[in-house]
Amino acid sequence: MSAQNPVITISSSNGSSQAPSGALTHRLATQSAADALGDLDNPRASAVSSGITYLDNSLTGNNPAASPGFERGKVAEIWGPAGAGKTAIAFQAAVEALKAGDTVTWLDCSSLLSAPRLRVLEHIELPEGKSAAALLQDHLRYLAIPTFSHLLALVLQPPALFPPTGTTLMVVDGLEALLNLDYPRMPYGNGGRTEQQKWQAGRRYAILGTLVTALSRLAVLHSMAIIVTTGCGSKMRADDGMPAAIGPGLGGSEWENGVWSRIVVFRDFAGRFAGVQKCQGRNLMPLDPTSDVRNAIGFEIDENGLLRPKHTTVDLTSSSPMPVVARPPAKSSSPAKPARKRFYEEIADSDEDADEYGWGEADENAVAAEDLTVEAQTQKETQANNESNGDAT
């Protein structure tokens, strides 16, 4: 008997030719040549605008081939203190995407999105035949994430309908709020830590690396921009002799490698500012960006909740109303020495201070007069004792 050769049947049916949906989640999404050529002709297809032209241009990093705005297929981070305007910038980017007829997915990790923010669509120009209510219902997907585990499960094993078709922007608002609950920062020093706390401290950066890798994969697979807003944390700089400062709430090499661009948002007496610290995957300043803000862009939030640029001339390092031009630091041949703590014996003695009212001189005269009186009294008593002894003899 001759061995029968295996027969391979090629069928056009969906059941025999398509693999399970979960088996190809690690593969890049396919794209036709016509769609690829259309994306090249349409610059809006490769980036999502922030609503501030100067900020969009700063995110290009002087790259003529890059499109202004948050690049699709990449992860962007917006960090800053509470009330600075992080959520406002992210929501303005969502409004720009909705105006273009795209879908936006909003993941809330801290406080719920304020309902009055949604009324901003009533004050902008919408696509023809679309109302604000219909646009929100059809193109905005909102999810409140209760725990960090829910967020990990959502991005590592996304459901079949997540993110929705046509999504060009996904916002993860307040990520550090969930992370700090499950993996809090440990205080300085190794004393008094339990084994569970030591394990959580080591796992914090590993979990961040897993999350940013999953977010990057989602951004590439669905050709969408992902904006992550984070808070800030205090940082002591005693070794440098400088006061405490604030820094990004999230950090580590794993997180740094996954973030394509970073924006810091802060408030000054003159208004709100946004500064680009990283763009096109390249840091514009050292990895420790404490107290380092360059090319700050002023903006304001109007009464309708829309962002608009605000041109202000203000020195961010001085309280003087006059603008000051920052000079480059002078180069020194010797390395900077850390500040030295003052010893106790170096504290100035108050006795050496000048007498302001002349009370010290009066006190000295009174003490000297009292000493003379005591000495005279002692001499009289001695003389009286000698006379009494002579009479007795």
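Each Cβ is built from the backbone N, Cα and C atoms, and glycine gets one as well.
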Exercise for review: Kindly point out the range from 179-205, 287-313, 314-340 that TrEMBL annotates with region 'Disordered'.
Suggested key: 314-340
Review point. Of the residues in the domain 'RecA-like N-terminal' (36-111), how many are helix, strand and coil by DSSP?
Key: 30 helix, 15 strand, 31 coil
